[in-house]
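Accompanying notes for the structure given below.
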Amino acid sequence: MTSRTLRRRAAAGTPGFLKRSQPRWTERVVKVLLVAAALVSVLTTVGIVVALIPPVVEFFGKVDLGEFITGTDWSPLFEPPHFGVLPLVTATLVVTVIALLVAVPLGLGAAVYLSEYAGHRVRGTFKPVLEVLAGIPTVVYGFFALKAITPFLQRFWPGDDPPEVFNALSAGFVMGIMIIPTIASLAEDSMAAVPRSLRDGAYALGSSRMQVSTRVVFPAALSGIVAAVVLGVSRAIGETMIVAIAAGGRPNLTFDPLEGMQTMTAFIAAAGIGDLPTGSTGYQTIFAVGLLLFAITLVMNLISIRLVRRYREVYE
Amino acid sequence: MTTPPGHGPGGTRPPQPARSVTLPPSETVFEVGGLSVFYGDHEAVRDVNMNIGARQITAMIGPSGCGKSTVLRCFNRMNDLLPGARVAGKVRYHNEDLYGREVDPIEVRRRIGMVFQKPNPFPKSIYDNIAYGPRVGGFKGNLDDLVEETLTHAALWDEVKDKLRTSALALSGGQQQRLCIARTIAVEPEVILMDEPCSSLDPIATAKIEDLMEHLAQEFTIIVVTHNMQQAARVSEQTAFFSSEIDGSGVRHGRLIEFDETGTLFSNPSDQRTEDYISGRFG
Ligand SMILES: Nc1ncnc2c1ncn2[C@@H]1O[C@H](COP(=O)(O)OP(=O)(O)O)[C@@H](O)[C@H]1O
Ligand SMILES: [Mg+2]
């Protein structure tokens, strides 16, 4: 019992024996570093919004907000320009809905399988594979949609009216494939975190595996599952490369997924790499669409937070 | 310790069984013969033989790690859910092999319910906790009535009738455990297995559960694992004493040392190891 700390320690009862013996600054430095790390992300987000504002304000000095929101014709770079953003919004909506129709059932199905049905070994192999899938560059997915899925659909289309070369269906489908791993992996994490004791309780009442999964584990993991889906939606809305390659660059106000259409992100990418002079109205449209995109994602996140608060089952 | 043989820990009077030791002959519900349970290669429990009678309480006592929970889980095939667990030997339920090829573990668990060590209500309302089992079992009748009857049966109705729609997790630990017992009887099982149901509860909550157990034993067959010998003595008709033994090759197995009427086992054990354990002289 003669370790250094013990020998250095002042005897109990000597004046000031309970005073701090370690210097205070190490704690402070660590704290400052951690706060800085947290601030970087917050400040970046704030910075982006702030940078968006001046061009957007200038834009709405020239273009009526009502026309922007409700107009059905988007041709900002032509003469005479039209600034109705609806065709871009509906295109984003159509592609996102298709992507979710693919990704939510398959992603959640994979999550339930991995968490409730698969043995240790299968899960140990599957999860890393899923995560690799999540790392494939989106440009690869885009060409896969354009060069494999679209020709396949055109060749085997049952009706007389096959999809166009650029179409929302292929883009949405492949985007759905792309976000499956995100949804599956996050949803699986939250289902795996549901305590074993709840499953035992359900099995002991004579539940089948499916009943345990859907009636006990799924509701208990709901907040994580919703978070997974919301992240999937955000990725779908923000995804650029796949739609730019496979859905085409033509603003098109339609809900027909067999037609080509330009999403908000595809417009930003196309206009952004063009040589629009800084300060021109065309240049400012990029920021206006960007801010709208940001607002839509934000509103969606807020809604999902409320939904989760209302429906989740808190198990601790 | 200087406690005379047969005396409980702490030098108190020997625990007295609650009921008469002359039992009416009871129909056999479980017949266990040569039962061994393995986890991987480890034989956690070896060669258990016991018969369990209907509508009475059978207690399983013994030091921790001797395989009480393991044996209990054989009675409703909960061991099936543990990777690597394997059961050998005979477990017959009303003369039917519980581990037979045709047997559906889900059907088994609807007839043989289980209450766990730590209360584990679902994070749902009190109502939905009770309704869960009947719902998954395809119950077609009036759920409201069933919930009320069940909670009344479990002596919980008066405490919760005004908050059926609030979360079960807002209840106290003892109430949660009684809710778990109620949830179990809502599917009308014949047997209720309880694995140390009071180990996380205070003495008052424990007394309520013991009352409930004695009340339920009029209709249900109850097998209860407990580390509390007084509890075994108070509530059970039969007691099984398990211990772990090291065999010739140095491996530790849980063994059933003695199984007898509770009064006999506590007052006049026939095995020295039982006597050592109940008198607190256990190593
Ligand atoms: N799921 C499991 N996997 C592997 N070994 C286990 C498992 N459960 C229990 N055991 C082992 O089986 C033995 C008996 O455990 P258990 O039945 O829990 O004893 P008790 O309930 O009497 O305390 C112990 O040695 C324990 O380590
Ligand atoms: Mg145990």
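Glycine too: its Cβ is placed from the backbone N, Cα and C atoms.
Annotated in TrEMBL:
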- A:29-53: transmembrane segment (TRANSMEM)
- A:85-114: transmembrane segment (TRANSMEM)
- A:89-304: domain 'ABC transmembrane type-1' (DOMAIN)
- A:126-146: transmembrane segment (TRANSMEM)
- A:166-187: transmembrane segment (TRANSMEM)
- A:216-237: transmembrane segment (TRANSMEM)
- A:286-308: transmembrane segment (TRANSMEM)
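Counting same-chain residues at least six beyond the ends of the transmembrane segment (A:216-237), those with a Cβ under 8 angstroms from any Cβ of the stretch are 92, 95-96, 99-100, 103-104, 107-108, 111-112, 115-116, 175-176, 178-179, 182-187, 189-191, 193-194, 198-199, 201-202, 207, 264-265, 293, 296-297, 300-301, 304, 307-308, 311-313, 315. Long-range contacts of the transmembrane segment (A:286-308) within the same chain: residues 48-49, 52-53, 55-56, 59-60, 63, 68, 85, 88-89, 92, 222-223, 226-227, 229-230, 233-234, 237-238, 264-265, 267-268, 271-272, 276, each at least 6 residues beyond the stretch ends and with a Cβ under 8 Å from a Cβ of the stretch. Ranked by Cβ pairs under 8 Å to the transmembrane segment (A:126-146), the stretches A:29-53, A:85-114, A:166-187 are led by A:166-187. Remote same-chain partners of the transmembrane segment (A:29-53), defined as residues 6 or more beyond its termini with a Cβ less than 8 Å from a stretch Cβ, comprise 287, 290-291, 294.
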